[in-house]
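Structure, as structure tokens:
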Amino acid sequence: MQLRNILQASSLISGLSLAADSSSTTGDGYAPSIIPCPSDDTSLVRNASGLSTAETDWLKKRDAYTKEALHSFLSRATSNFSDTSLLSTLFSSNSSNVPKIGIACSGGGYRAMLGGAGMIAAMDNRTDGANEHGLGGLLQSSTYLSGLSGGNWLTGTLAWNNWTSVQEIVDHMSESDSIWNITKSIVNPGGSNLTYTIERWESIVQEVQAKSDAGFNISLSDLWARALSYNFFPSLPDAGSALTWSSLRDVDVFKNGEMPLPITVADGRYPGTTVINLNATLFEFTPFEMGSWDPSLNAFTDVKYLGTNVTNGKPVNKDQCVSGYDNAGFVIATSASLFNEFSLEASTSTYYKMINSFANKYVNNLSQDDDDIAIYAANPFKDTEFVDRNYTSSIVDADDLFLVDGGEDGQNLPLVPLIKKERDLDVVFALDISDNTDESWPSGVCMTNTYERQYSKQGKGMAFPYVPDVNTFLNLGLTNKPTFFGCDAKNLTDLEYIPPLVVYIPNTKHSFNGNQSTLKMNYNVTERLGMIRNGFEAATMGNFTDDSNFLGCIGCAIIRRKQESLNATLPPECTKCFADYCWNGTLSTSANPELSGNSTYQSGAIASAISEATDGIPITALLGSSTSGNTTSNSTTSTSSNVTSNSNSSSNTTLNSNSSSSSISSSTARSSSSTANKANAAAISYANTNTLMSLLGAITALFGLI
């Protein structure tokens, strides 16, 4: 991989702003505001009977860019082919012959964000060396880019920073205010500079409290959203507190079709339930809409007006629509909101109780019944009439909409939005950086789960290529290199429709140990660069050193569906590629030892992650003891006894200081005395802030399970 300054990040381009243009922000901060409703009497909700008018119109602009970019990419990919006449047919005046591409980025915390960044960099012609040693131009040729959980941290960062590139992020990586500066965890961003950390968390608490004071329900996901935003939008005022999801449609690079359409995925949770499975309602967010194709909802709403009180899509009060509820950080955090799963896991329930107690201590009016999920209130689909008659109407009957991490249903790859017949894609690149095995490598289970979903109630009208069981994935080495699924359309005719060919690209080791724990919540510059470089190599078969023909094989995968539908002659080089990379239906179902038991949820691993993320104070001591010194009259000096009694944390578990790591520049810090005054004004003491930091360490470690 030849990312500029990949090993010498000290050579930087100064003064270049990566933030989105000024049109990307609305309102005055994180709290939503009230605005007049649209003047026309149209509903804010539509039946999910096809693509929205806005998406359809945007596609016309995007198609013009992808056609040119894809022609250039395929010309390079097939330059050594004996017969390239098919390209002339594909790029004739008939635009329907041009293949359409989607890219899906899996969840997996910072591992997925960084490893996925390397894979995306390999596909981006803005990356130095990507055209010579990678798949440069493939990203420019793609129509859709979906992200889930940690993968959405990647896609959201790129899209809402004015479609910045991984290359630009790398070029600025050693700067203290750079994007993805995660040398210190979001829990303690100042490291040894406690002043900096206190001020950061004062701001976060005040911003979330402002949303509550404005009359909107809040949950732990709001705190998570604001904390994450400092990693993703550091160049924007208050780290993008006023940045909205819908504002992207007003940014030129998106409005003109110069970038893919970003899609993020979250799972719905029925009111009064906690279990999420393949029958969960799958929600997608685009800059235009949010909603679900699933029969349990079958509706979409304009994302710009989320939070508005509606009945069957019509505002209850035409003079009072909500603006700013679709905060970009909140949507990104929604896709990574995994709190409810912790309350179900025996090994994490104690930490969850700690978090619940902490959050209610510092933020007033936190939802008591549903603080473990992302709350969208009022429910934008209240009383809508598009639910399939065979389904319960509980989602549309509820006053609020509850969403959780998009991977909780076992589909850790956001493939469903890309395989919809309405989007008519020919090939989907599935970038899997999950941690399913004992060694934190992907097992292919997310592919298996998406395949199985088409046979569930929620999978009505869905099609996905045949894939093997998880043991076969591992036993046949399908997770050791890219594998193509659905290579022959003639073998898929018994499905609902012919789905896209899926190019599965798993996380594999090349130059760096890319199988970092999902619980790892801080990466220094060297680690970040190593993860990105390894992702680049995983996506390119080691910069083509493992297979010099790999670029051509990717070209074959892209043109395959159109070649079949046109009944055109397949280049002979593609025949060999498909023999090398297509799964041929062979099964090997014997139990694989790599699946003996993933340790993600073990309490020891969580405690270890907390110790890395916070400064060295035992959690049990903090929970059980009174605070002292620098306190204010409004400070709560101890936690409730039921939390302490339920804790099974060892008093010997300490939270080690990581102050030796590089920290945010001290030039931004204020004196301790001025900070103490500010802390008193905000009713947050130094001692309580230490408690806050430690308990937020528990939050961070648990969130790391995505």
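Any Cβ shown, glycine's included, is placed from N, Cα and C.
Feature annotations, reproduced from Swiss-Prot:
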type: SIGNAL; residues: 1-19; note: signal peptide
type: DOMAIN; residues: 36-588; note: domain 'PLA2c'
type: CARBOHYD; residues: ASN94; note: N-linked glycosylation site
type: CARBOHYD; residues: ASN279; note: N-linked glycosylation site
type: CARBOHYD; residues: ASN390; note: N-linked glycosylation site
type: CARBOHYD; residues: ASN491; note: N-linked glycosylation site
type: CARBOHYD; residues: ASN524; note: N-linked glycosylation site
type: CARBOHYD; residues: ASN567; note: N-linked glycosylation site
type: CARBOHYD; residues: ASN584; note: N-linked glycosylation site
type: REGION; residues: 627-672; note: region 'Disordered'
type: CARBOHYD; residues: ASN630; note: N-linked glycosylation site
type: CARBOHYD; residues: ASN634; note: N-linked glycosylation site
type: CARBOHYD; residues: ASN648; note: N-linked glycosylation site
type: CARBOHYD; residues: ASN652; note: N-linked glycosylation site
type: CARBOHYD; residues: ASN658; note: N-linked glycosylation site
**Message:** Same chain only, sequence gap of 6 or more: which residues have a CB within under 8 Å of the CB of ASN491 (N-linked glycosylation site)?
**Reply:** TYR466
**Fill in**
Within 10 A of the CB of ASN524 (N-linked glycosylation site), the number of other CB atoms across every chain shown is 14
**Request:** Between the Cα atoms of ASN279 (N-linked glycosylation site) and ASN524 (N-linked glycosylation site), find the distance and write it as a whole number of Å.
**Result:** 39
**Prompt:** How big is the Cα-to-Cα gap, in Å, between ASN584 (N-linked glycosylation site) and ASN567 (N-linked glycosylation site)?
**Reply:** 21
**Prompt:** CB neighbours of ASN279 (N-linked glycosylation site) within 10 A?
**Reply:** 16
**Prompt:** Of the glycosylation sites ASN94, ASN390, ASN524, which one sits closest to ASN567 (N-linked glycosylation site) when you measure Cα to Cα?
**Reply:** ASN94
**Prompt:** If you count Cβ atoms within 10 Å of each one, which of the glycosylation sites ASN390, ASN567 comes out on top?
**Reply:** ASN390
**Item:** Inter-residue C-alpha distance, ASN94 (N-linked glycosylation site) and ASN390 (N-linked glycosylation site) (nearest angstrom)
**Value:** 41
**Item:** DSSP-derived structure type at ASN390 (N-linked glycosylation site), helix or strand or else coil
**Value:** coil
**Asked** Rounded to the nearest angstrom, how far is the Cα of ASN390 (N-linked glycosylation site) from the Cα of ASN524 (N-linked glycosylation site)?
**Response** 52
**Request:** Would you count the other C-beta atoms found within 10 angstroms of the C-beta of ASN584 (N-linked glycosylation site) for me?
**Result:** 9
**Fill in**
Within 10 A of the CB of ASN94 (N-linked glycosylation site), the number of other CB atoms across every chain shown is 10
